[in-house]
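Peer 1: Structure provided below as structure tokens; questions to follow.
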């Protein structure tokens, strides 16, 4: 392939003919475009990333050991599925994706170290990774210093924007405001009790929720706001306070093992979620697995994706995921967002016709992915995604039933004015 | 905060809050008992206590699945079988660990801390490899969920009462075994003077092994019971370990009564503060109080005089 080293692809016709003839028998078998141009490596990779004529290397950086393995396992699975599907469809600019997986081990310095390894030693063209904000904050300076590209899947508190990160989950205002408007309008909710685990995401989210309730919803008030240390397992006192204040809505952003304790104790205390409205933004299908569907049935969750979504993309995605990872696996919001990462990167690379980080960062805004299981998404100028916000109601079988979705895509606004 | 509420409302909340405190008390006693035996009687700082608890929780989960498949009619009562199995599993693992690891370290108490901490990491990763990284949901029989309607406005969680009953039962059993059985006399003899106990013909190694096994077994029962109120995952044991040590150290090592008294005072402080302040602040104030008291009284509330 000596002519591949020539920049600019001067005689595509001859090459196409030759390659096409050679690949002819394979076309019908594989059903993929063997005619696709494979642009020269020197043209698409000017900064020395790990890109060869036939392969491109990306990194996967999540915790598969330690506390966060609970949450991050789904993301790893989704990213591997996406990579496999992209490869089956011909790869990226004619190159197969090869991935190197590193374990952040639920430890933030380890995340930073492994990020550096993936960028400096392995020269990964992109990295899909991180889950908690703490791990993202730990790797951010690394990605900015060594000019890498991170696809970050989790819904998070916002207040961040970087050239080197694409945020495929929702930022806080996208997730919160539509849900509060919905519960106010359809349930006539006037009083809210805000609960959360004690760290940045629940606190920032509740701050936004409080501002919205007090300033934008007519006659609504917050009757309580409380935080619990991560890992708290006792909620009987706060449940009594909820019984005393009788809020229209319990707004819960509790995470991790505490979730299980909270919903079990809520049920045991005789609070019936079919009568008491509870809205959460932190319980996906993944968490329900541990909580037990019968303990949370009736609660509402507000996010952008539910496994039960009824659209053609999702109907292909769910079986493919289960085929790869087992019938019993469930797919939560973040898992779906993680699945978007490799696809968005592929589409961006193809738009930019280059693997160079700077070109990808510049080409990202406007990239749209029509095959997203959640429907249609588009990357915003600020590197977050335009996406719909949905409200689902938990059923005893551990799935959500879609109750409401916004008519239009919701604009991501990581630095919301009037909410800080 | 109370201006807008009627007297009967407040009365009901007060009653329920009282129960919340008692439930927290039983949870603390239950999780600390096993550790109190091991730490108090043997001087071993068992950092893997939480993992022994979670083993009990996983056993409960497996029993629940097995019963649902094999004998669904047994499901309403499976929990009792699960607790016995949890006791056996955790106790057996405990004795194995004592034999393989702990007995070589008796003369170096601080090394047991390191060794058992390593053990806790190994166990966590083992659970993760065997059962998966995700939490598992333990399905409970219907009668154990929900609440008992004492009056119109007072609801008492059934699982809370279950934990209370279980705690009382196990505390009595442990007290009986330690203070009235002949084996208990041997244990106490070994605690007070190991060399002398050996000299009068007590097999101190055997006593150690069974004591450690008993402590771990009780941790297993606690873990099994906590599937009702908490999560079951590879690292869920870590959620309990700090509170557990707090209760044991504050109560004074080597004193069963101290453990109970300390669990009572910590749980009451915690649940009252949680009601009037917020969750995080309650924890902070409780911890500060304990630290202050321990500075004045480093041996804890009740200390046993032991000849070293």
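Every residue gets a Cβ built from N, Cα and C, even glycine.
According to TrEMBL, the protein carries these features:
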type	residues	note
TRANSMEM	B:12-40	transmembrane segment
TRANSMEM	B:52-71	transmembrane segment
TRANSMEM	B:77-101	transmembrane segment
TRANSMEM	B:113-134	transmembrane segment
TRANSMEM	B:154-179	transmembrane segment
TRANSMEM	B:212-233	transmembrane segment
TRANSMEM	B:239-263	transmembrane segment
TRANSMEM	B:275-296	transmembrane segment
Peer 1: In the same chain, who gets a Cβ under 8 Å from the transmembrane segment (B:113-134) while lying at least 6 residues past its ends?
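Peer 2: Cβ under 8 Å, 6 or more out: 44-48, 50-51, 54-55, 58, 61, 97, 101-102, 105, 233-235, 237-238.
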Peer 1: For the transmembrane segment (B:77-101), what are the same-chain contacts with Cβ under 8 Å, counting residues 6+ beyond its ends?
Peer 2: 48, 52-53, 55-57, 59-60, 63-64, 67, 115-116, 119, 140-141, 144, 166, 208-210, 212-221, 223-225
Peer 1: Can the transmembrane segment (B:154-179) be said to touch the transmembrane segment (B:275-296) if we require at least 3 CB pairs below 8 Å and skip pairs under 6 apart in sequence?
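Peer 2: Touching, no - the transmembrane segment (B:154-179) and the transmembrane segment (B:275-296) miss the threshold of 3 or more Cβ pairs under 8 Å.
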Peer 1: Report the listed stretch (B:12-40, B:212-233, B:275-296) having the maximum count of Cβ pairs within less than 8 Å of the transmembrane segment (B:52-71).
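Peer 2: Most contacts with the transmembrane segment (B:52-71): B:212-233.
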Peer 1: Excluding the flanking five residues on each side, which residues at least 6 beyond the ends of the transmembrane segment (B:212-233) place their CB within less than 8 Å of a CB in that stretch?
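Peer 2: Sequence-remote neighbours of the transmembrane segment (B:212-233) are 27, 30-31, 33-38, 42, 44, 46, 49, 52-61, 79, 82-83, 86-95, 97-98, 102, 127, 133-138, 140, 144, 159-160, 162-163, 166, 170, 174, 177, 239-240.
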